[in-house]
Amino acid sequence: MAQPLIEVERKFVPGPDTEERLQELGGTLEHQVTFRDSYYDTPELNLMRADYWLRQREGSGWELKYPGAAVVSGPHTEFMELTVEPAIVAQLCEVLGADVLESGSVAAVLGPLGLQEVASFVTNRSVWKLVLSRAEEEPSLTVDLDTADFGYAVGEVEALVHKKAEVPAALEKIHSLSSMLGVPAQETAPPKVMVYLQRFRPQEYQHLLEVYSPREKPQGTKSPDSSLD
């Protein structure tokens, strides 16, 4: 199976001066893009209940995210990312307890696995790149500023690493940049798909939250009645 990357990210509430701060810190606006994300799950949300997130992004293809073993605790998430379709299919079969399907195509197994579209929305994204130091081989951080078509805005500071041993250093850089952007130390923000479900499919949203104890909400989320970032 293809080795997934580890995505270390921290979501935050973008303020009116976030882009100005990024410019002052030497950030570069790489590009702006608009795309549609469609999430797939069983009617009972069996994937999401297990903290697995299957998404088809317009122009980018399929992606499956699932939590890695947290190396450092805190207001961030560490997700494994799969983008190779045969690897996604194998992982879906495993988490859903299905016989391994001989298909290299995610679309071909949606029906057999009982998967259907459960959320779909358009995002306008500004992508910024920033290097905190000028050291050799210093990886850049990505800052995505998103506004979904249902009115929810969220920012994300992200680093991609290949090994768990690289997570603490990436996390230190993420927290440092977050502080420079004025993000409160313990602030978290729910991902767009959770807010979508909360607003437009509240029954499914409540069922999803039922499988998490108060201290084990889906990564990056708050309780349903918390203020949204």
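Just so it is clear, glycine is given a Cβ too, placed from its N, Cα and C backbone atoms.
Note: TrEMBL annotation is automatic and uncurated.
Annotated Mg(2+) binding site per TrEMBL: GLU7, GLU9, ASP144, GLU156, GLU158, in sequence order. Taken from TrEMBL, the feature substrate binding site applies to LYS11, ARG55, ARG57, LYS65, ARG125, GLU156, LYS192. Residues or ranges marked as domain 'CYTH' by TrEMBL: 5-200.
Across the domain 'CYTH' (5-200), mean pLDDT in this model comes to 89. Comparing the Cα of GLU7 (Mg(2+) binding site) with the Cα of every entry in ARG55, ARG57, LYS65, ARG125, LYS192, these being the binding-site residues, the smallest distance points to LYS65. When the Cα atoms are compared, GLU156 (Mg(2+) binding site) and LYS11 (substrate binding site) turn out to be 4 Å apart. Site extent for substrate: the farthest pair of Cα atoms among LYS11, ARG55, ARG57, LYS65, ARG125, GLU156, LYS192 sits 20 Å apart. With respect to their backbone Cα atoms, GLU158 (Mg(2+) binding site) and LYS11 (substrate binding site) stand 9 Å from each other. LYS192 (substrate binding site) has a Cβ environment of 23 other Cβ atoms inside 10 Å. Cα separation, ARG55 (substrate binding site) to GLU9 (Mg(2+) binding site), rounded: 17 Å.
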